[in-house]
Amino acid sequence: MVVKFEKSSYRKFAKEKLRKIIKFRAKSFSYKINNEILNLIKYLKARNVLIFTPLAYEPDLLKLRQKLSRNHNIFIPFMVDKSLKMVKLRLPFKTSKFNVKEASDSNAFFKSIDLAVIPVVGVDGNMARIGHGMGYYDRFFAKLAYKPITVFVQIEDFYIKEKICSLHDITCDFYITPTKKYIKKVSYDRSCSRDRRWAYRDRRWISCS
């Protein structure tokens, strides 16, 4: 029997499954994902990088701080009304109303970032993000006058071939999980060919439309 999902039902399905596996996989799988992110940052020569402070069932990219702090500028989201802004990753953290750790609002950053690493609940056939349904990242990226290279991450592979997201949902260039890695298929363009050339040579990457 084939189960047909809508975006809301797939979000519920994925979150329920994530809650069951976090005790066993979150920490160990974060290590694998972090290594992939380091390789990606190195190859793309990204200097200004946006990451995030994780929920219990999300990869912990904060462990990359020590390795990246010397040669890179690391930023995390700060919630403002119904959107986000970027702030420098500096301690101490405080906990927001959504139980997310945040750095100080005084460390705001308004220049361009090279790479954005974003947590997801799932990813659909358009490589579009299934998040928590609040739209914070969608509104934030919609306001940017440029498009940074975007990487989605999760401790479990929740890619679904069906295209269930909306047009306003942000899409990614890469989706990295501990077991599979996806790259968005694009028409040939010199400006983006270098970003993907190394991944196309690696057969572990799955090309998606």
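Positions of Cβ are set from backbone N, Cα and C atoms, glycine also.
Per TrEMBL, these features apply:
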BINDING   K7, S8, S9, Y10, R11, R129, I130, G131, H132, G133, M134, G135, Y136, Y137  ATP binding site
BINDING   E58  substrate binding site
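What TrEMBL annotates, mapped onto the structure for a quick look.
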residue	record	CB count, 10 Å
K7	ATP binding site	21
S9	ATP binding site	12
R11	ATP binding site	19
E58	substrate binding site	20
I130	ATP binding site	25
H132	ATP binding site	14
M134	ATP binding site	11
Y136	ATP binding site	17
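R11 (ATP binding site) and E58 (substrate binding site) have their C-alpha atoms 14 Å apart, to the nearest angstrom. Separating the Cα atoms of E58 (substrate binding site) and M134 (ATP binding site) is a whole-number distance of 17 Å.
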